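Database features (TrEMBL):
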BINDING   13, 49, 83  [4Fe-4S] cluster 1 binding site
BINDING   156, 160, 163  [4Fe-4S] cluster 2 binding site
DOMAIN    4-120  domain 'MTTase N-terminal'
DOMAIN    142-372  domain 'Radical SAM core'
DOMAIN    375-439  domain 'TRAM'
Ligand code: 5AD
Ligand code: SF4
């Protein structure tokens, strides 16, 4: 038998990419090799997201495309995993009988045994129970050199009324500090330079461990680990973020000066309806403290427009909040009703055209702010870890500042992927910075 190949697509958030790396790790142990060419694959794995309807539509479209491959090669194994698999379960088989495996968010470790069963007998196999312990030591195939994702917890207990995540990823389960530290130490010895700690709400890390560990103690411990240059984390929650965590971040030499702190709305009334558990005043206190402790802080956020009951006045409050807070960047979303969440049944759903108009207004304001921050960076030097060529152009390379800003430069073959280099910003644009590698005169 010749080489066996697998092809993986990840939709959605970084946690999904990290899970995909653990699926890939298992497939490699089984002797499969990764291919970028779907047509060559013996196993195709779609690791899906269901946080908004658009994500689901994209996946359903992709599943449809796979039908002809399956017809051509009945031995092809098609696996649908992740949040949408958890949500849809065996309904996915009804929708698309050419799917072989549906694996939910708590069953990543079952991939190998399910593939083996499927090879014995062509049938549909489902693993989507949520009672199993959430952390398994699984082989990991890191998709990138130098940059690694490190999950520190699974699940979410927050139940924001719009969000499906708590239903498809279950309750919070924190990984032990020892286990996290062991993985990061190994990454350090393997040459990884940057890690990103992952959780739906990293600020509630450790609450379930009931041993006094929290996110601030975790990052203070990671500080001691050799090899790793930069530590990032995603995502934060204003209700659980504490001053002590901001202190730990400020005092760390490794944790970067970037904080992603989703506000979701600038209206206190809407925040209540969203069940977010904080007020705009509390949020402002947090960021005021963070900016005082970390003067070069890069602050980014998530905002939803068109949540049920959002009046024009409430939306205006969000716009004002944006102008007051001045984020470096905001990820903006149109509210998407998710079946099973409380908000989907709330009265006063906002018409699509109003949502779109609000999104455009919001983006216009944010773009102006982002551009002004990026213009301020012109003619200054930033330390960047080289990530490699940009997607569309081999001759242009990019890297990120500690604040997570992307800088692109024309490749002059003087730097390699993984190098930490000084880059001068020549031009600040809305989404990206253009620059050149700084070289000392003489
Ligand atoms: N509709 C729109 N945006 C959503 N998000 C989560 N659920 C929904 C939804 N139903 C956004 C939130 C969250 C980000 C990851 O996705 O802003 O912070
Ligand atoms: Fe969803 Fe809220 Fe949990 Fe984030 S904190 S995953 S938005 S429920």
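A Cβ is built for glycine as well, from the same backbone N, Cα and C atoms used for every other residue.
The model shown is predicted, which means the values in this text are computed figures rather than measured ones.
Those residues of the chain, other than 13, 49, 83, with a C-beta within 8 angstroms of the mean position of the [4Fe-4S] cluster 1 site C-beta atoms are 11, 12, 15, 16, 48, 50, 51, 55, 82, 84, 165.
Neighbours of residue 83 ([4Fe-4S] cluster 1 binding site), defined as other CB atoms within 10 A of its CB across all chains, total 28. This prediction places the mean pLDDT of the domain 'TRAM' (375-439) at 96. Look at residue 83 ([4Fe-4S] cluster 1 binding site): DSSP puts it in a helix. If you take the C-beta of residue 160 ([4Fe-4S] cluster 2 binding site) and look for same-chain residues 6 or more apart in sequence within under 8 angstroms, you find 264, 274, 275, 276.
Remark: of the binding-site residues 13, 49, 156, the most isolated position is 13 (fewest other Cβ atoms within 10 Å of its Cβ). A C-beta separation below 8 Å, combined with a sequence spacing of at least six in one chain, links residue 163 ([4Fe-4S] cluster 2 binding site) to 51, 156, 338, 341.
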